[in-house]
């Protein structure tokens, strides 16, 4: 009976993980590209606000994980640095959704392992097995092919998406370096608790300067569309739910399971986005994306076998 309950819990967490990750992606696209809410920095700030509030409730009151405290000024500076890089990756990804179809956005985002391997080598000078690097060739080649076959290719959107992907990989490598000592390590939920308020402090002035009419337009959209505030609230809660489910799925299964789910998530998100947004796709674009995904799977397997 206990194993049956555990199976139900794991299935529920996987469903939550898929719905949160794909849901926040599609809602971001809908708000930024189809709804007239063209403020990616402010949208990211809403996400970080939800993460800050809900992280505090989850850890302090619900005690999902034990509260870990910041023990030194040095550790705080490291967390602040990670938070700034994290902001850059999320804002860049949201900006790219204004110009790119979700399907192409996911194809470019799948190149994260390439940038992770590159930054890991530049930062530590530790080499992987040649087979591992060879597996990255189709990851990059697939995106090049998909770019050539993308009907709605937008250069600025592509640059922002690549930059966001690189920043996401850089944050992962940087986190492993900065918070490597046992005394400074934080689990992902506590790290989110501390990064979110710092991100808000960075994003608020950025939004006011770079998106000066955000308040007026948001209030106007709120009056014009009665579901505007609900969509913004659901979108922000989903952003936190994606982080929470990411942590819980890893805790109840393994990092490898999450990696496999992540590979499948991109394909599911692509299919759903095409059905919802009706964006044109080509055989070349789909082929390029499939090559990238197969490269990502091969890279993960190579890393596991030749560790």
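Residue 1 is the first one shown; counting continues down the chain.
Placement of Cβ uses the backbone N, Cα and C atoms for every residue, glycine included.
Remember, predicted model here, so these are calculated numbers, not experimental data.
Under the heading domain 'Sugar phosphate transporter', TrEMBL lists 10-299.
Among the features that TrEMBL reports, transmembrane segment is placed at 7-27 (among others).
The feature transmembrane segment is assigned by TrEMBL to 39-64 (among others).
What TrEMBL records for 76-97 (among others) is transmembrane segment.
For 103-123 (among others), the entry in TrEMBL reads transmembrane segment. Outside the transmembrane segment (103-123) by six or more residues, the chain places 25, 93, 96-97, 132-133, 136, 139-140, 142-143, 146-147, 150, 152-153, 158, 161-162, 164-166, 168-170, 172-174, 177, 266, 269-270, 273-274, 279, 281, 285, 288-289, 292-293, 296, 299-300 with a CB less than 8 A from a CB of the stretch.
Within the same chain, residues 104, 107-108, 110-111, 113-114, 117, 153, 158, 284-285, 287-296, 298-299, 301-303, 305-306 sit at least 6 positions outside the transmembrane segment (130-147) and bring their C-beta atoms closer than 8 Å to a C-beta of that stretch. If you look up TrEMBL, you'll see 130-147 (among others) marked as transmembrane segment.
Beyond its flanks by at least six residues, the transmembrane segment (153-170) meets 85-86, 88-93, 95-96, 98-100, 104-105, 108-109, 111-116, 118-119, 147 of its own chain at Cβ-Cβ distances under 8 Å. Residues or ranges marked as transmembrane segment in TrEMBL: 153-170 (among others).
According to TrEMBL, the feature transmembrane segment maps to 191-209 (among others). Tertiary proximity for the transmembrane segment (191-209) is limited to same-chain residues at least six positions away from its ends with a CB under 8 Å from its CB atoms, namely 39, 41-42, 44-45, 48-49, 51-52, 55-56, 59, 70, 76, 79-80, 82-84, 86-87, 91, 175, 179, 243.
Annotation source TrEMBL lists transmembrane segment at 229-249 (among others).
Away from its own ends, the transmembrane segment (256-277) comes close to residues 14, 17-18, 21-22, 25-26, 29, 34, 101-103, 106-107, 109-110, 246, 249-250, 289, 293, 296-297, 300, 304 of its chain (Cβ-Cβ under 8 Å, at least six residues beyond either end). Per TrEMBL, the feature transmembrane segment maps to 256-277 (among others).
Listed by sequence, the residues of this chain that lie at least six past the ends of the transmembrane segment (283-302) yet keep a Cβ under 8 A from its Cβ atoms are 103-104, 106-107, 110-111, 113, 117, 128-129, 131-132, 134-151, 256, 259, 263, 266-267, 270. Under the heading transmembrane segment, TrEMBL lists 283-302 (among others).
With a threshold of 8 Å between CB atoms, the same-chain residues lying at least 6 positions outside the transmembrane segment (229-249) that come near it are 10, 13-14, 16-17, 20-21, 23-24, 27-28, 30-31, 35, 37, 43, 46-47, 49-51, 54-55, 58, 64-65, 187-189, 192, 222, 257-258, 261. Beyond its flanks by at least six residues, the transmembrane segment (39-64) meets 24, 28, 31-32, 87, 90-91, 94-95, 97-98, 189-190, 192-193, 196-197, 199-200, 203-204, 206-207, 210-211, 214, 217-218, 232, 235-237, 239-240, 243-244 of its own chain at Cβ-Cβ distances under 8 Å.
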